[in-house]
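A.B. asks: Below you'll find the structure I mean.
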Amino acid sequence: MKRMLANLVTVSTLALSVALGAGAAQAKDFLLGSELPLTGSLARVGQGMHEGISVAVEMANRSYAGKHSFKVQTIDDETSPAKGVAAVEKLAGDGVVAITGGYGSNIIGPASEAAQKAGLVYITSGGVSPELTQRGYPTFFRINNTDGYALAMIGLLQDMGARKVSIVYLNKDATSSLAKQVNGALTAKGVTVGMHEFDGSTSDFKPLMNKVKLQDRPDAIAMVGYENDYVGILRAAKVLKPQVKAMVGVWSLATAQMAKEFPDLMETVYGTSMLPYPVEFTHPEAVEFAATYKKLFNKDPDYLGQFGYVQTRLLIDAVVRADEAGTLSKGGLPDELRKTDANTLIGRVTFDKNGDNLNFTHRMGQHQGGKVVLVWPQDAANGKMNFPAVPW
Amino acid sequence: MSNSLLNRLLLVAALAVAYVGVPLLFGGNAYVLGLIVAALTIAGVAVAWALLGNLGGMVSFGHAAFFGVGSYTSAVLAMKLGVPVFAAMLLGGVGAALSSIAMLPALRLRGPYFALAILAYAHIFQILATEMTPVTGGAGGLLSIPRFPKILGFDFGEKLGGYLIVLTIVVLAAFAYDAIRRSTWGLALKAMHDTEVATRVVGVPSTHLKAAMLVLSAFITGVVGAFNAHFISFLDPDYAFSSGWTVLPIAAAIFGGYRTVWGPVVGALAIYLVDQLLFKPILPHGHQMVLGVLLCAMILFSPGGLMPALRRRPVKESRHAHA
């Protein structure tokens, strides 16, 4: 009996060892690469996306615990195209399975080309220029595009019933494309549109605002630029007080940061936003995302973090699927990512043959008393639009 | 062994390392080779800047203008008119040289006035590139610029090909600099530094010589800019006319020793590679600060730059040995 028991223990131990051994062989550590502007003129937005990427990795490590683990190697591209390329090449040399990150179409262009050459998937939410997907690179993916921002701005202006709109836009690729798209759509609907281009070095917007005020006399002013541009335009508008019913912008405007730093300028201003501020989540994944964000960075997430999270989580899930199918090491990740059809924090995501997410539609938020309230579309709104209203 | 012979032997050895050693060592490492190419791109502009500064006696803050004009000329010729890339690159240099003719009135100015005038010209060219949207793509720039072609089975569009091209540009620019320095033109230009009035009195056409140096410097910078456009395959006005294309080469030239021929090259390689390979991994967010401190230290302790400092050392050692 004793001998039988000893044999049983030995066999059980062996079986357990084999089982554990087999389990250990299946568990894999995946190294992701991230190339982002953490210094230079795009440092703030790069940092925002970086935080979202970190949250995605942290949450993936929890959900795949005991099975797989994920790490991310981040390289600062210093807001320079050449250094973006160098960063991708370094990450490729270090054996990353794919790259998540990138901000600014002018940096993403050459950096994603380097990733394409290295056969690495490059997924981003930081470049909305149409040219990026028109190249048809099989390894390039993005979860947002100009169309989604334009649709949100057009939808809001239409719901407001604006008949005359002045579009004040920065002469960059992404901003010009968006402004022209909004112009085309509004003009087709019989809205009178005035287009006003400005240069990135413009700091005094009073002459431009004066022209809008005296020449266009619009119902609403649509701003397409970046943070510093919005601040300049709103300061000029506050001085000249054009008789408009709304000030509407796009990205980087309806954020907690802007609400905190420029409360006097932001009140009642509209901008694209996936999230209200303070954040209100109901979906379990979104609740976990917000809690993890708070734990890691001691603050509420903003839209940059949300986009960084979504792109990275979709990538991680595709990496796992490709690994399980045995195609990861054979270049199967782009095909696996292209099979994505997920309901995410930014809505449904699928990718077309060029890697673009054609489902992307943004939401519009409005600054109201230090908060950002989602006001468009109706089904995503968590508050009422304060209209007509301007910050002055 | 005479100094001249020793220098020649050192140069041959350095060229052998550059053309054979580096490809053998780093040919398979796209990252390191990419960094060396970026450093040599800065080196090319640094040599052109030093040529104008040392021989022409003019401090330029606007070399980004030549870099940008060269890159746009070449990219537009290759993309829109189908000009072969190597020919377009040389024409990029010609375009930059032609643009420098617009700057000739600034030659009447001296010192900081010339430096500021040329800076203003650079800004004008940037605005032109932004506004000429049908040709230059405007603020959005140009993406997917044709890369260097394959010749006899060797792909110059790859990292190694790019390295060999930019290395050749830099070496030829340095040889041209050295040849001018040794010529009668070089002698006249050196004399002009001491007293321009006196050299004019003895019949030296000082304005013509300065103009020639400006045009040559612009040509070299334009070729380097054109190379960069085809190598990185992307351009926009902010990038092509970025002040970085002026500031970094100046820092490199001063760090290496802008009064020597190879100083700017050594300076560019040193500051870029040390910064990216050594300081950046240690200090990902503050590495530029270390580089700044290093540059300050170099200016304080060896105002002539790295090359003169390296040359001084063996002399001291030999004196000590003799003693």
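From the backbone N, Cα and C atoms, a Cβ is placed for every residue, glycine too.
So TrEMBL says this about it:
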type	residues	note
TRANSMEM	B:9-26	transmembrane segment
TRANSMEM	B:32-52	transmembrane segment
TRANSMEM	B:59-79	transmembrane segment
TRANSMEM	B:85-104	transmembrane segment
TRANSMEM	B:111-129	transmembrane segment
TRANSMEM	B:160-180	transmembrane segment
TRANSMEM	B:211-233	transmembrane segment
TRANSMEM	B:239-258	transmembrane segment
TRANSMEM	B:265-283	transmembrane segment
TRANSMEM	B:289-310	transmembrane segment
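Looking at the shown structure, can you explain where the listed features end up?
C.D. replies: Beyond the ends of the transmembrane segment (B:32-52), by six or more residues, the same chain brings 22, 26, 58, 60, 63, 66-67, 159-160, 162-163, 166-167, 169-170, 173-174, 176-177, 180, 213-214, 216-218, 220-221, 223-225, 227-228, 231, 245-246, 248-250, 252-253, 256, 258-259, 261, 263-265, 267-269, 272-273, 276-277 to within a C-beta distance below 8 angstroms of the stretch.
Panel annotation: around the transmembrane segment (B:211-233), residues 37, 41, 44-45, 47-49, 51-52, 55-56, 58, 60, 63, 66-75, 78, 85, 88-97, 99-101, 103-104, 107, 143-148, 162, 165-166, 169, 173, 176, 180, 185, 189, 240, 245 of the same chain, lying at least six beyond its termini, place a Cβ under 8 Å from a Cβ of the stretch.
Within its own chain, the transmembrane segment (B:239-258) has Cβ neighbours under 8 Å at 42-43, 45-50, 53-54, 60-65, 67-68, 71-72, 122-123, 125-126, 129, 141, 225, 229, 264-268, 270-272, 294-295, 298-299, 304-309, counting only residues six or more beyond its boundaries.
For the transmembrane segment (B:289-310), the list of distant contacts is 251, 253-260, 262-263, 266-267, 270-271, 274-275, 279, 283: same-chain residues at least six beyond its ends, Cβ to Cβ under 8 Å.
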A.B. asks: Under 8 angstroms, Cβ to Cβ: which one of B:59-79, B:111-129, B:160-180 has the largest number of such pairs with the transmembrane segment (B:9-26)?
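C.D. replies: Ranked by Cβ pairs under 8 Å, first place goes to B:160-180.
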A.B. asks: Do any residues, 6 or more residues outside the transmembrane segment (B:111-129), come within under 8 Å Cβ-to-Cβ of it, and if so which ones?
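C.D. replies: Counting only partners 6 or more residues beyond its ends, the transmembrane segment (B:111-129) has Cβ contacts under 8 Å with 58-65, 68-69, 72, 99, 102-103, 136, 237-238, 240-241, 246.
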